[in-house]
Amino acid sequence: DDEFTETVQVDPETGETTAQGETVSEAQKKYLEELKQQRERSKQRRIEEEKDEGEAITGEKLAKRTSTKYFGGAQLDYLGRSWVDPPSDLKPILDPNDPFPDPNAAASHEAYIPKKLIHTWKGHTRGVQAIRFFPHYGHLLLSASMDSTCKIWDVYKENRGLKRSYNGHSAPVRHIDFDKFGKQFLSSSYDKTIVLWDVETGQAKASYSNRSMPYESKFYPLDNNLLIVACQNHKLVSWDIRTGTIVQEYNYHLGAVNTVTFVDEGRRFVSSSDDKKLLVWEWNMPVPITYLSEAEQQSMPSITLHPSGDYFAAQSMDNRILVFETGEKTRPHRKKVFRGHVNTGFACQIDFSPNGRFMVSGDGEGKAYFWDWKNCKMYRSFKAHTGGPCIGATWHPIEHSRVATCGWDGLIKYWD
């Protein structure tokens with residue numbers, strides 16, 4: 001063995017070594033070389049994480065990672081209509097071809113707060129994280145689960161059975177979003193990927209990743225070829241699904257971005273973050289036009305636009321739901337604050353009756369709460385789920401007395 005008695009110093013910034021003597025042992029040299037290699041690997045990892053060119057996977061490579069199964073019997077009826085097509089007797093209240101229909105069309109329809117459970121959907125093996133009704137018609141219900149799958153369920157037929165499962169993630173699915181016609185949907189997962197699915201065939205059309213966890217991904221309402229993703233790395237990124245590339249980046253938050261909500265008929269959007277700020281952006285402009293931040297403001301991990309389009313409601317992590325105006329100046333509506341539920345630590349979904357009169361939210365104790373939108377009065381609450389939060393709640397777009405909820409008990413429940 002080499003004799004070694006002198007002190008060797010390593011500069012923590014540069015990695016250079018200086019010795020007070022002249023002898024360095026082989027063991028010491030090996031250690032210093034390993035230290036240098038470790039530093040290089042860390043540096044390279046940081047460089048890779050900062051890159052946002054993104055990766056889109058399609059074709060056979062994606063097909064090997066994904067699968068689907070149909071459970072609903074015949075996929076076409078005797079008239080050649082697909083199982084995805086809505087029943088002919090279902091008449092939507094709002095124009096399905098208009099991404100921002102006139103809210104007055106639904107305002108004249110009565111809405112009611114549900115009182116009883118009429119159905120329970122079972123099939124997920126772990127908690128259900130999100131649910132969405134098929135746009136405008138609500139004849140199908142899409143769910144995303146911690147079991148890493150998405151499923152679509154029948155809402156109107158007698159057995160209300162499972163129609164199709166979509167398997168393409170290796171970790172829990174956090175968020176889902178239909179396009180405006182219900183022909184495809186996005187699933188965002190803790191495996192750091194977003195998958196674009198064909199609803200009818202179950203085919204995974206593309207998978208997108210920029211090596212950051214996607215908290216939400218949504219279609220741009222004015223062009224379904226574009227989508228935007230709220231990311232854990234403090235950024236929002238916009239993808240063009242035609243080219244499979246990132247076409248815009250929005251980078252002003254100081255924490256993970258939780259939500260993205262379109263306002264002003266798609267011309268602007270609002271983002272919320274763990275940094276407790278709300279930022280307002282113009283589409284395709286990478287600099288925010290409005291900052292909303294107050295000393296007592298908490299993070300807001302769930303936001304929903306009111307049917308009128310004039311307000312949005314934000315789930316604040318201090319057991320309140322706050323309201324903001326969406327006019328020329330996005331600002332808090334300080335007279336509208338909803339209280340009564342316990343939501344701290346959970347991104348519980350908020351939704352409205354189609355006429356905008358009532359608001360529903362789950363809470364961390366498994367309850368569903370209903371408020372009057374005008375006076376902020378809480379009308380009703382009931383135990384919807386056990387063993388965890390009621391994380392999702394959504395109003396049916398046509399049946400105005402019916403609400404679906406989901407929870408970490410693995411169940412989806414339908415109330416009337």
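Even glycines carry a Cβ here, placed using N, Cα and C.
Marked as compositional bias 'Polar residues' by TrEMBL: 15-26. Annotation comment: TrEMBL describes 27-49 as compositional bias 'Basic and acidic residues'. Summarising the annotation, TrEMBL assigns region 'Disordered' to 1-60. Here TrEMBL flags 121-155, 166-207, 250-282, 350-381 as repeat 'WD'.
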Integer mean pLDDT for the repeat 'WD' (166-207):
98
Secondary structure content, the repeat 'WD' (350-381) (per DSSP, counts of residues):
0 helix, 18 strand, 14 coil
Under the DSSP assignment, what numbers of helix, strand and coil residues are found in the repeat 'WD' (121-155)?
0 helix, 19 strand, 16 coil
Let's see if you can do this one: DSSP helix, strand and coil counts over the repeat 'WD' (166-207), in that order.
0 helix, 23 strand, 19 coil
